[in-house]
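Annotated in TrEMBL:
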type	residues	note
ACT_SITE	C198	active site
ACT_SITE	H256	active site
ACT_SITE	D279	active site
DOMAIN	190-282	domain 'Transglutaminase-like'
Amino acid sequence: MDTNLNNSQWGYQLLSAEDRKVNLKVMTAHDAIVGRYHLFVETTHVTEDGTIEKYRYRHNDDVYILFNPWCQEDPVFLEEETQRQEYVLKETGRIWLGTVGKFCVRPWNFGQFDDICLIAALAILEKSELGDQARGNPIYVVRQMSKVINNNERDGGVLLGNWSGKYDDGVAPYAWNGSSAILEEFYKKRKGVKYGQCWTFAAVATTVFRSLGIPTRCVTSFKAAHDSDYSSPMDAYWTLDGKPRKSSDDAIWDFHVWNESWFRRPDLPPGYDGWQAFDVTPQECLEGVFTCGPCSVKGIRQGELYYGFDAKFLFAEVNGDRVHWIVDSDGNMTPVAKETGIMGRCISTKAVSTISREDLTNAYKFSSKEENDTIAKAEQFCSRHSLDIEPTKEDITFTFSGDATRVGDFTAILDMENTSDIQRVVNVYMCATSCRYTGIPVNEIKDTSTTSILEPYTKDMVTITAKCADFINSIDAESHVNIYVMATVKETGQRFVKHEALWVEKPHLELKTEGSAHVGKLFDVAIKLVNPLSVPLTGGYINMEGPGMQRVATVKVKKSIAPGEEIRETIQLKPRRLGRKEIIASFQCKQVCDVTGVTEVDVVEDTKG
């Protein structure tokens, strides 16, 4: 018997023995296999006549061994206590959606301490078919379990991706408020839950890995490229008369959400421990499986694509250019413009101990000259090469501005100024199209073609506008407006190209509770919503949940909500666990989605009971 337990190594101490009762202290190893254990106690009794009798006792409760970020020898050890509280223990969080300059913050109930989350996480671990010894290694655990969190035709899995806008046979991705309901449905039915998108996949992954003790967070990149091997620039195509060929463009997502987990990397050279990026969304079949990462964030920043685990894909999501091509009727292509450094903007996560945004862009990318050196370094390990555009005389200054108002209308303006002493003729095409956040166009809303004659040192402008009522009911709730602009100077061949997303600012739900809540007792949450749009909101419904709360059914809004009208609903929740809890509510309807609200409540013991 070892009376002095060796920290983080298997061992036990006999604390006391009285009659038939024994009190033991057991120490697990820092590299123990993560999973569910049965506890047995074997005793040997020698009788007076020398007969040896052996007895085996099985403890009624299972024992769960997890990663331990408080243990220095554990590969997931995280030194800062505030970070452990945030990335392991925090049950709710924020995920950033929207576009550059107009963020949409989505609260999420990770709920990793709900019983079903740990049980489902272990079921996912089993489904990953990871060998026993590898289950103590976070590198393999994250990679293999990520493959199972996304559901695809090859591997099955937890959540089925859907970006079509058609969700009648399941739950719309934006209707989920937390991971527990998704994991519970998966555990009960053992088939893919309908439906999820990138931020839903990342949120479920955060829950699963936090429940296993791995520090994990959601990370959002705005203007994220979909380029599986960093092989070529992203391309956009235009016709000879300056109109976009939208269905042929490479996919540049307005935003994309992936994950980071914190652990050591003994498989890499020194200095690459810390945050490791991985992408659970099933975009590409990489190295034979639908999985991506984990890659050292430091390695991504430095363009070190040779460290494997799909580093090229993650590097491409935050680095790269977009080349615009003119395509003639025979398919011949001519490059006419290049947008440099547009990928990987405003990379975001929730800051520690607050609900504000932490900017991670500098963790993924260098600035100025160092960025160019990194791109050149990365190009040595792939087939991508820089493309030079033949310069033209540029004496027209173009400035684009556009915005969507709170009531749902939008305006896009192209200002032009002739800085030369010669008359210029400028042909301009502008169109507005409803698009998904993945960059896929849905419906054309409006377009205009104009020819402007700019006298020396004069200005002109081209504008395209639309009222909310003109288009909102012909698109689905998760679509937004994309503006395409092509301007060509007749005399010099100078071109200006722009492709910009306009998002309507989301309204907020106002949530209110009275006093504290008691375990096992219903309490009321009052909800208030004002319709900010200039059109009625129809087919609305509200979902609400919180960590440790008994889930409630969806509440349908019985009537349409007129412009400027206020509605109020009251929903009852029943807490199961003590502590201060965030309650999250969301509202969706035919016209808008991702309308959310949050409030907090203290859950205390019911002393009267």
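In case you wondered, yes, glycine gets a Cβ from its N, Cα and C as well.
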Mean of pLDDT values spanning the domain 'Transglutaminase-like' (190-282): 89
Integer Å distance between the CA atoms belonging to C198 (active site) and D279 (active site): 9
Whole-number Å value for how far H256 (active site) lies from C198 (active site) (Cα to Cα): 6
Tertiary neighbours of H256 (active site) (same chain, Cβ under 8 Å, six or more apart): C198, T220, S221, A224, T281, E317
Cβ neighbour count within 10 Å of C198 (active site): 27
